[in-house]
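A.B. asks: Pasting the relevant annotations from TrEMBL:
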- 8-410: domain 'THIF-type NAD/FAD binding fold' (DOMAIN)
- 25-30, ASP49, 57-60, LYS73, 96-97, 118-123: ATP binding site (BINDING)
- CYS159, CYS162, CYS437, CYS440: Zn(2+) binding site (BINDING)
- CYS174: active site, glycyl thioester intermediate (ACT_SITE)
- 229-241: compositional bias 'Basic and acidic residues' (COMPBIAS)
- 555-579: compositional bias 'Polar residues' (COMPBIAS)
Amino acid sequence: MVQLVGPLRKELADSLSTCKVLVVGAGGIGCELLKNLVLTGFKNIEVIDLDTIDVSNLNRQFLFQKKHVGKSKAQVAKESALQFCPTANITAYHDSIMNPDYNVEFFRQFVLVMNALDNRAARNHVNRMCLAADIPLIESGTAGYLGQVTVIKKGMTECYECQPKPTQKTFPGCTIRNTPSEPIHCIVWAKYLFNQLFGEEDADQEVSPDTADPEAAWNPEDATARATASEKDGDVKRVSTKEWARSTGYDPVKLFNKLFKDDIMYLLTMDKLWKKRKAPTPLDWLQLENTACPQDEAPGSGLKDQQVLSVWGLCQMFQHSVETLRSQLQEKGEGAELVWDKDDPPAMDFVTSAANLRMHIFSMNMKSRFDVKSMAGNIIPAIATTNAVIAGLIVLEGLKILSGEIESCRTIFLNKCPNLRKKLLVPCILDPPSANCYVCVSKPEVTVKLNVHKTMVLSLQDRILKERFGMVAPDVQIEDGKGTILISSEEGETDANNNKFLSDFGIRNGSRLQVDDFLQDYTLLVNVLHTEELERDVEFEVVGEAPDKAPPPQTNQEEVNSITNGNKDSAQPSTSSKGQQKRRTYCYKRLKTKTFSRVGILIWTEPGVYSMSYCNQGACL
């Protein structure tokens, strides 16, 4: 007769009380997950999160209260979880999982790792560390009402990087506020700014510099001190952006200098942010006005919406749009609010000008009004219930792994609407590793197309190896028969190479680079394919990589352009379909063959774009 301890078999209950698990992330999913783990019977848990608690977290991260604002998420989550089960042994780290201290040996001490992350770089890193340590990983993510859970096991399943991912459309708040690196970051910031000035204020959409940005103070104590500097008890008192703007009478010049000069100068004082990034350049209205040329205000050739304006032209657009929106607000009366609409010219002009001015400050190529309009879309909110469902599914998959039944684990999709079987949860069989994966195959290899005469060593390191291929501290050796070291992870050892072109080191079409990341225990062979025919603003291409976006038709342009806000629960769901970037599955029809029954499923690649695929009977339950 099977002995039970509560709802669990005694053997499993004993395993829970002795095994050691790691939770990476203590935000929306992480809070729910930590609570579930201690209530299920897990006794030895380590949790790590670099973030501190913000007021905007309190509506969905229920282990936190108002008095906790500014404190470490990991530490407070631990303290709150212990109230559910005081006998649990929980260790909290207020730190980045990408810190070199958390190496392969650190990961090997765990039976299971559970991700509750909000960004792709950290997901990639944990994926590689678990592969190197040969530890099962449960990956998860949410976006609005959608969610996903999947299991990753070396040699058995696809890893997180087996399939190409679409361009990330969710961003941490500190990226939006402090360190934008892509035009979309600036567009999201400008939309937030519109709401802060003229619309409904939302704590999730703060635009001022994030003083609690942990990256600005690597020492965890510094980050916590900075976050709590203005409130002893965590009860933060702020003068809102809208109140300040009203006090100035919505003066366009004062708004400009505050947003694009004073705030940027304040960011420059957070010097740790700029050690490995190009620092932003503040703008001053008077200085720009004095140096403006008459042709800066003259319209260019071609369609007006497809022109990229000069900086002073954008200043003029910013001024006119603020004056128009101020008038609209006054006409509506006291306490009125405006709603951003991409088809409202003043609102669109405001976002276009503010976003482009910020792009210029952070040394990005500016965009036309047409481009900005096509990129700016709806904001999907964080949903507490979605986090709770996904956290529960993580624990269920974890119980299967600890029971020795990893073959019964599934990728599970949480849909907004029921499928044809009236199910919101759709489990699908785990796919085997991809033979083309550049991470989990036995000898990872990629081919990169670039211009060796224009690509600098620093760009190879930061844009290609770190940003694109997710490495933390790469070492690069040229396979030239001499073992030339191009990049070293030892600080200062190869800094003299940074601003030289690849061609300066004899790298040409067909050259091979041996890249090692000792922290991730990861080696990658990079084949260089020289070309002078890359598209404008494209630095490099990975050969054979699936495109980010599926081709048209698109039935709903607003859906296609939708983006999510910078909440900490946002999803970059892992993929599990050959050649697809992300999917939601719907049982469609059964087709009988001589050997087995197949279930046709619709694969969602982009909103409004579907393709047909099949899986063995039982794959979609």
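Note: Cβ is positioned from N, Cα and C throughout, glycine not excepted.
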A.B. asks: Which residues, sitting 6 or more apart from CYS440 (Zn(2+) binding site) on the same chain, put a CB under 8 Å from its CB?
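C.D. replies: Spatial neighbours, sequence-distant, of CYS440 (Zn(2+) binding site): LEU131, LYS154, GLU158, CYS159, GLU161, CYS162, PRO433, SER434.
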A.B. asks: Can you name every residue in this chain, apart from CYS159, CYS162, CYS437, CYS440, with its Cβ inside 8 Å of the center of the Cβ atoms of the recorded Zn(2+) site?
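C.D. replies: After dropping the recorded site residues, what remains is LEU131, GLU158, TYR160, GLU161, PRO433, SER434, VAL439, VAL441.
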A.B. asks: Would you mind ranking the binding-site residues GLY25, GLY28 by how many other Cβ atoms sit within 10 Å of each Cβ and giving me the lowest?
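C.D. replies: Comparing Cβ neighbours within 10 Å for the binding-site residues GLY25, GLY28, GLY28 has the fewest.
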A.B. asks: Using a 10 Å radius around each Cβ and counting other Cβ atoms from all shown chains, which of the recorded positions CYS162, CYS174, CYS437 yields the largest count?
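C.D. replies: Result of the Cβ crowding comparison: CYS162.
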A.B. asks: Within 10 angstroms of the C-beta of SER96 (ATP binding site), what count of other C-beta atoms is obtained when all protein chains are considered?
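C.D. replies: Excluding its own Cβ, SER96 (ATP binding site) sees 19 Cβ atoms within 10 Å.
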A.B. asks: Which has the fewest other CB atoms in a 10 Å radius around its CB: ASP49, ASN119, CYS159, the listed binding-site residues?
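C.D. replies: ASN119, out of the binding-site residues ASP49, ASN119, CYS159, has the fewest neighbouring Cβ atoms within 10 Å.
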A.B. asks: How big is the Cα-to-Cα gap, in Å, between CYS437 (Zn(2+) binding site) and ASN59 (ATP binding site)?
C.D. replies: 39
A.B. asks: Rounded to the nearest Å, what's the C-alpha distance separating GLY25 (ATP binding site) and the residue listed as 'active site, glycyl thioester intermediate'? Just drop the number here, would you?
C.D. replies: 16
A.B. asks: ASN119 (ATP binding site) to the residue listed as 'active site, glycyl thioester intermediate': how many Å between their Cα atoms?
C.D. replies: 12
A.B. asks: Are there any residues at least 6 positions away along the chain from ASN59 (ATP binding site) with a Cβ closer than 8 Å to its Cβ? List them or say none.
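C.D. replies: ASN59 (ATP binding site) has long-range Cβ partners ALA384.
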A.B. asks: For ALA122 (ATP binding site), what is the tally of other C-beta atoms lying within 10 angstroms of its C-beta?
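C.D. replies: Result for ALA122 (ATP binding site): 19 neighbouring Cβ atoms inside 10 Å.
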A.B. asks: Across the domain 'THIF-type NAD/FAD binding fold' (8-410), what is the average pLDDT of the model, as a whole number?
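C.D. replies: Summarising the domain 'THIF-type NAD/FAD binding fold' (8-410) by its mean pLDDT gives 86.
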